[in-house]
Amino acid sequence: MRSPPGAVAALASVAAQLATAALVPRDAAAPTTAAMPLPFPAQVGIDDSNLATCANANWPPPSSPVGEVISAQLPDADLQAALGEVDPARIRAIVDKLVGFGTRHTLSTQTDPTRGIGAARDWIAEEMRGYAATAGGRMEVTVPGYVQGVASRISFPVKISNVVATLKGDKDPDRVYVVSGHYDSRVTDVMNYEADAPGANDDASGVALAMELARIFATRRPAATIVFTAVAGEEQGLYGSAFMAQTYRNASVNVEGVLNNDIIGSSTGSRGEKDPHTVRVFCQGGSPAGESKERAETRASIGGENDSPARELGRFIAEVGGNAFTDMKVALVYRLDRYLRGGDHRSFLDAGYGSAVRFTEPNEDFNHQHQDVRNATDGTVLGDLAEFVDYDYVARVAKVNLAAAWSLANAPPQVRNVTVDTSTLSNDSGLSWAKIAGAGAALVKGYEVVWRPTTASLWTHQLYVGDVASFRVPLTKDNVIFGVRSVGLNGYKSPATMPFPG
């Protein structure tokens, strides 16, 4: 294209001035008169008649050429029946009983039959044994523990015991899922083991949830094993859960998911805000513990930091747990936990069990956590008292947990060794995976490919590909995150697994 005549003249003028300026020595005196501004060249004309406008841009693509928009995994008749058995009155009775032990501080008495953590432990175990009696020998209740020596927040040697109810899977018993809460409590001074520490919300609510699910599941036969546990030592430093997680790790137990429930008892926050139909699920991202340096670097290079095992579990919980049958919305929070706080799911993550998440109420009221029971000068009642627990809300959170545990335990195992072909440049994406083997193979109907835009939080599309070990999708891997999940003969689906280059 020829430049307009005006532009040529202007450019020539600029060039002449620059040439003159170049002849002036660097140390020459500044001119005594103000320099004239250089004239700008005339604008070059552009024919934009064939260019699309922003309004016509097509990103992200409005639809996929293959597959279908993903849909929630709604409960079947059996799961609906189980959800209908969750009882707020039973949950309330458990919380009231635990509060009635006065304190459940880890360092409190273990010999008094009516007060302290020992009495609480014995009562929880006895209740769990009652549930086990209805399970036809498939549920075993144990109270494993160890003596913790003097350590952080432990001023003298003390026995730390967990109550563990294990419901053996009917078809794939070596695959294990854990539902947990902690039964110890505290007040303002974390070392004060004498004062009343009701711990109604933190965390009798979580223990009540785990116990209620143990009761409901005891009469049923999930395909995989589910463990319902009340752990101790959380407030002093996650001692009980660390002992449990390491015990499982040492025995090479295949824990495929941990649902930790801690502070799930209130729908009202410190400013009076109410959100009775939402529960937060905290899911850590990045590389899970034990991932090799090379694999972690690959994860970072492909944008896989948002597809950790914990976040895949979180997406699964949102898909199966947020619906009209639970009357809840699952709000995923992409971090390990809240600021300045911690929970027992971390013990499992640290032990190398990457699929561990935490359930917590949406709005917390710190007047009713870690507080001495008292009245403030303005009349505010302080303390973690049972009167501040919303039992209907706890029951709904229990339904989300029940839907998740049921769906996990009755689906086939999660797919392993998923790869995407990067051997050549292509706008198609070749995916491969290892077909489910062992006891879980009998549960499998086939496999499903899922995907989402790289900026999306949840899976957006799905494509059932059959009982195969590879599939080529007519989508570019550069623009989406893929996942592969197993589909059961009963319709239940596993959490997805993101592919690595292979």
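From the backbone N, Cα and C atoms, a Cβ is placed for every residue, glycine too.
Per Swiss-Prot, Zn(2+) 1 binding site is recorded for H182, D202, D262. Per Swiss-Prot, Zn(2+) 2 binding site is recorded for D202, E235, and the stated evidence type is similarity to another entry. According to Swiss-Prot, the feature domain 'Fibronectin type-III' maps to 414-502. According to Swiss-Prot, the feature N-linked glycosylation site maps to N250, N375, N417, N427. Taken from Swiss-Prot, the feature region 'Disordered' applies to 284-307. Taken from Swiss-Prot, the feature signal peptide applies to 1-21.
Comparing Cα positions, H182 (Zn(2+) 1 binding site) lies closest to E235 out of the recorded positions E235, N250, N375, N417, N427. Annotation note: N250 (N-linked glycosylation site) sits in a helical segment as assigned by DSSP.
Closest to D202 (Zn(2+) 1 binding site) in space, going by CA atoms and restricting to the recorded positions E235, N250, N375, N417, N427, is E235. Summary of the Zn(2+) 1 site environment: with the site residues H182, D202, D262 set aside, the chain residues having Cβ atoms within 8 Å of the Cβ mean position are G181, G199, D203, S205, G206, E234, E235, N261, I263, G343, D344. Of all the recorded positions in the record (E235, N250, N427), the one with the smallest CA separation from D262 (Zn(2+) 1 binding site) is E235. Counting Cβ atoms from all protein chains shown, D262 (Zn(2+) 1 binding site) has 26 others lying within 10 Å of its own Cβ. For the binding-site residues shown (D202, E235), fewest C-beta neighbours within 10 angstroms: E235.
Considering only the recorded positions E235, N375, N417, N427 (N-linked glycosylation site) has N417 as its nearest partner by CA-CA distance.
Between N375 (N-linked glycosylation site) and E235 (Zn(2+) 2 binding site), the C-alpha separation comes to 23 Å. For N417 (N-linked glycosylation site), the same-chain residues 6+ apart in sequence whose C-beta sits under 8 angstroms from its C-beta are W433, A434. Annotated pair E235 (Zn(2+) 2 binding site) and N250 (N-linked glycosylation site), C-alpha to C-alpha distance, rounded: 24 Å. In the structure as shown, the Cβ atom of N427 (N-linked glycosylation site) sits within 10 Å of 10 other Cβ atoms.
In this structure, D202 (Zn(2+) 1 binding site) is part of a helix by DSSP. Following the DSSP three-state reduction, the secondary structure of N417 (N-linked glycosylation site) is strand.
Residue counts for the region 'Disordered' (284-307) by DSSP state, with H, G and I taken as helix and E and B as strand, are 9 helix, 0 strand, 15 coil.
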